[in-house]
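Per Swiss-Prot, the features are:
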- H365: active site, proton acceptor (ACT_SITE)
- 6-9, K20, Q77, 82-83, G142, E157, N172, N230, R335, K353, Y368, N379: UDP-N-acetyl-alpha-D-glucosamine binding site (BINDING)
- D107, N230: Mg(2+) binding site (BINDING)
- A382, N388, Y389, S407, A425: acetyl-CoA binding site (BINDING)
- 477-487: compositional bias 'Polar residues' (COMPBIAS)
- 1-232: region 'Pyrophosphorylase' (REGION)
- 233-253: region 'Linker' (REGION)
- 254-487: region 'N-acetyltransferase' (REGION)
- 453-487: region 'Disordered' (REGION)
Amino acid sequence: MAVIVLAAGAGTRMKSTTQKTLHSIGGRTLLSHSLHAAAGIDPARIVAVIGHGREQVGPAVAEVAEQLGRSIDTAIQEQQNGTGHAVQCAMEQLEGFEGTVVVTNADVPLLSPETLQELTATHDGASVTVLSVNQDNPTGYGRILRTNDGMVTAIVEEKDATEKQKEITEVNSGVFAFDAAILRDGLAQLNTDNAQGELYLTDVLSIARRAGHPVRAHIASDAAELAGVNDRVQLAAAGAELNRRTVTAAMRGGATIVDPATTWIDVDVQVGQDVTILPGTQLLGTTTIGDNAQIGPDTTLENVKVGEGAQVVRTHGFDSTIGPRAEVGPFTYIRPGTVLGEEGKLGGFVEAKKANIGRGSKVPHLTYVGDATIGEYSNIGASSVFVNYDGVNKHHTTVGSHVRTGSDSMFIAPVVVGDGAYSGAGTVIKEDVPPGALVVSGGKQRNVEGWVAKKRPGTPAAEAGEAAAKRVAEGGSPTSTPQADQE
C-alpha cells in the first residue's frame, strides 16, 4: 500500500505568510497530523505533494519523517492545476508500484488511521473507493452520485453540479483508495473540460466506472474527522474539536479534569491515572504527568515531565523536570534545563533556570535560581538571588546538601557552598564557603542618632521620631506600633 498526501495548495484564505498546512492545532501542524494518520496504516510508501511554500513544507516533511522513524518521499507540483495534476506528480515517485494507493489531504487534521483502515477494508477488490460523509450543509463539497440501486457512478463538483444534484447530502471527503493500475489509466485520460479548468482527481472515478470497473463509497461514521481547514475560523474549530477528543481520552484513561472547557492538552501529552487537572490548565508539547499528580489551576506546562504525586499550582514551566511528590507554585516560572528533585519545592514567585535542585530541597519564596546545583535537603531563604551573569558569561553556583541560607542572600557565581553551611540574612557570598561554616558579610550595624530630624526636618518621619525619642527618654516605647509578645 502507498499513501499520497496532498499539501501543495496556496491556502490564501488563511491570509498568512506561513503555508496553510504548517499551521498548528494540538501541538502538531496540519501536515504532521495527516502524515501521522498516513503512517498509522503502515504503508510501504508515503509521498507528500508540495508546491506553494515548499521551502517551508519540504523541511517540515523531513522533520515528521524523522519523528516517525520512516522515509517519506516528496513530489513537487510546480503549478497547481488541480488534484488530478497533484496526484500525477506523486505517481512519478511511485513508478512500478502495484497495489492500493490511498490519497488524502494535509488540511484534514482529525482524520484517524482507523478511518483510513476502514476505507481500505471496504476498497478490497474495487478499482476506486471514495470516503464519503453525510453533511447537513453540503455547500462547497463535491456530491456523490449513485444509481437507483446505490452504486456509485460519479462525483460532481459544486461548480459543475445541477440544482438537483446540489440537494444531495452525501459528499466527497477528498480521500480515496485506488487500484494503482486503474489510477494510472484514469490520470492519463483526465482533461480540463470543467468549470475550474483543472484536472479533477474525482473524474478518475467516472472513467473507471465507464470502463466497467467496480466503484465503491465508504461512508465515514464520524463526519467531524473529515472537516477541512481553509481559514482561521475552521482552524480554531478543528483545534477545539481535537482538544475535546484529547481531553475526553484523558478522562476515560483515569484523569479527573474539573473543567474540560478551559483545559487544553496537546496530542503528544501523556496523562497518568488519578491525575487531577484544575481549570485554566494547558499541557503542551511532550509533557508527561505522573499518576496522582495535581496540576493547576492556571498552569501552563510545555515539554515538562511531572512525577507521581507532584503538585503544580499557577505555574509556567517548559523543558524541565518536576520530581515525584514535589511542590511548585503559586506563580512560579520554571525555565529550560531545570530539574526539581523528589519532594523538592519551588514556591511563590520563584524563577529557576538550568537549576538542578536535589531531593527534599526547598526554595520557598521570591528567589531567582539560575545556573545552579543544589544538593539534598537544603533550604534557600526568601528573596535570594543566584547572581550568574557577569555581563558577558554565565557562571555556575554549587550549594551542598543540608545547607541553610538566610533571607536576601546573594550567591555571586562562580561559588561553592559546602555541605551543612549556614549564611546570615543579607549575606553576599563572593567566595567559597567551607562545609559546616556560618558565612556573614555585613559589618556591625551603625545607627546615626538624630539623622532624620537633621536631614529631613518638618517631615512626618522627623516629627514621629522626635515624639518617640521623648517617650524613650521618659522610659516609654521607641515605636507607637504594638509589639508582639516574644516567645
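Each residue, glycine too, has its Cβ placed from N, Cα and C.
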Length of the line joining the Cα atoms of K20 (UDP-N-acetyl-alpha-D-glucosamine binding site) and A382 (acetyl-CoA binding site), in Å: 49
Cα-nearest neighbour of Y368 (UDP-N-acetyl-alpha-D-glucosamine binding site) within the listed binding-site residues, N230, N388, S407: N388
Those recorded positions listed as K20, R335, H365, and which of them has the most Cβ atoms within 10 Å of its own Cβ: K20
Within 10 angstroms of D107 (Mg(2+) binding site), Cα basis - recorded positions out of L6, G142, H365, N388: L6
For A425 (acetyl-CoA binding site), the one of A8, G82, N172, R335, H365 that lies nearest, given that the recorded positions are compared by Cα: H365
Where N172 (UDP-N-acetyl-alpha-D-glucosamine binding site) falls in three-state DSSP terms: strand
Of N388, S407 (the binding-site residues), the residue whose Cβ has the fewest other Cβ atoms within 10 Å: S407
Reduced DSSP assignment, A425 (acetyl-CoA binding site): coil
Secondary structure content of the region 'Disordered' (453-487), with strand meaning DSSP E or B: 17 helix, 0 strand, 18 coil
Those binding-site residues listed as N172, N230, and which of them has the most Cβ atoms within 10 Å of its own Cβ: N172
Long-range Cβ environment of G142 (UDP-N-acetyl-alpha-D-glucosamine binding site), under 8 Å and at least 6 residues apart: I155, V156, E157, E158, V171, N172, T202
